[in-house]
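Before any comments, here is the structure.
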């Protein structure tokens with residue numbers, strides 16, 4: 001294993017605990033920034049370009065028929081193929097947290113729309129579910145199993161808000177373990193079915209999951225209710241006959257007590273577990289290799305990397321799997337220094353660079369999801385507080401913060417309207433355009449007749465103009481109600497006053513003389 005420090009050239013503030021990395025044909029993409037996307041990259045997805053241990057984040061783009069993908073943190077992600085013979089794969093994204101600290105219950109499917117030498121264009125679609133729809137959650141896992149020529153998604157674990165009936169003022173934003181149900185999700189028909197398996201007693205969060213053909217292995221995790229990291233190892237097997245699926249679970253020996261670990265695949269039958277926590281206040285520095293042979297699973301310790309003193313002494317660490325046997329790690333910066341970054345980053349290579357990418361399509365590793373928070377630096381603890389985290393952004397204007405006072409009833413404000421013949425704002429495809437937008441398009445009031453609302457983007461308003469109009473009581477007319485498009489109401493033109501020459505004030509033949517005092521008075525009057 002080799003460990004190298006990585007410098008970040010731009011947008012370093014985007015990389016916060018809870019992000020995900022996705023590998024499309026060897027190209028790595030970053031997803032899950034902590035704040036809402038800025039206008040420079042409204043999608044919130046960046047190409048993770050690492051060259052010579054220097055990282056650059058380059059904004060990615062989506063096709064016009066894509067739905068809006070919010071910057072979800074702590075989601076469950078996995079790769080998906082239509083069948084085992086398929087060459088192209090997609091990423092499944094479920095759950096996670098928005099920058100408003102809301103928990104998502106949506107499923108998104110990301111695929112490559114087109115690709116050239118300069119950029120990759122993605123397509124993102126939202127999958128509606130019927131049946132036993134899993135509630136919004138984070139810290140869980142989703143995998144895809146293949147049986148009898150068919151495939152199905154398997155969702156397990158995670159945390160969610162406590163039920164509304166159990167909430168109090170003090171515990172309004174408290175979270176609890178999700179029920180230990182196993183959900184089978186049919187991505188083709190959008191059907192979801194819940195299964196209760198007696199072997200699964202706890203809804204473990206931040207566990208490691210490995211999918212192999214028709215089987216999923218659940219390893220480690222943290223039980224919030226008991227505050228333990230049981231050394232359990234579960235094997236969940238899914239059979240997909242013509243009728244109803246058959247799901248069974250087996251408790252296996254040889255588990256590991258760990259949570260928030262990162263998993264990467266180094267060969268067709270070998271996986272490596274890095275990082276995580278073994279106790280509430282202790283990182284797990286031991287590394288393990290998982291081998292499969294003839295449907296038998298073996299877990300053994302392996303030689304650890306040459307950890308730097310900063311990594312050894314840091315209280316938290318976080319990261320994600322880059323694919324190709326490489327892991328991206330982050331640790332907090334040293335606050336004792338005069339100039340210090342928020343985080344320092346490393347690349348840990350567990351395998352050679354020529355590992356076949358096709359061998360990695362069935363691997364799912366939850367990203368390490370530590371968040372420093374405001375109370376204690378350990379993600380898995382009770383202190384993981386939503387209300388505190390909402391205000392924990394850096395004060396350097398890197399992100400658009402959220403103010404609940406800005407929320408309004410959309411049925412009254414009419415954000416999702418057709419404001420003009422060329423209006424293309426749609427609730428399913430809209431993305432933020434102005435830096436002042438959070439989750440609704442900016443609108444401006446046209447003063448024509450009784451007045452009506454129009455979208456600022458449809459009117460092609462510059463952001464400075466939009467801000468200027470919002471600060472005053474200026475009248476504005478949309479493109480349909482003004483001869484010059486995007487024009488403010490122009491004041492009526494007033495001809496300048498002409499100053500009559502003083503000599504004209506002396507009428508011929510009147511015999512009256514203008515005295516110097518009268519001349520001075522008249523000058524002041526006309527000036």
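Positions of Cβ are set from backbone N, Cα and C atoms, glycine also.
From the options 338-358, 359-379, 380-400, the stretch TrEMBL describes as region 'Disordered' is 359-379. Apart from 419, 423, 455, 458, the Zn(2+) 1 site neighbourhood in this chain, defined by C-beta within 8 angstroms of the site C-beta centre, holds 417, 418, 420, 422, 424, 425, 454, 457, 459. Comparing residue 446 (Zn(2+) 2 binding site) with residue 419 (Zn(2+) 1 binding site), their Cα atoms are 10 Å apart once rounded.
Spatially close to residue 478 (Zn(2+) 2 binding site) yet at least six residues away along the chain are 419, 420, 444, 446, 448, 452, 454, 459, judged by Cβ distances under 8 angstroms.
Around residue 458 (Zn(2+) 1 binding site), the same-chain residues six or more apart in sequence whose CB sits under 8 Å from its CB are 419, 420, 422, 423, 424, 425, listed in sequence order. Around the Cβ of residue 446 (Zn(2+) 2 binding site), 21 further Cβ atoms fall within 10 Å across all displayed protein chains. The binding-site residues listed here are 452, 455, 481; among them, 455 has the most other Cβ atoms within 10 Å of its own Cβ.
Listed in sequence order, the residues 445, 447, 448, 451, 454, 476, 477, 480 complete the 8 Å Cβ shell around the Zn(2+) 2 site centroid, once 446, 452, 478, 481 themselves are left out.
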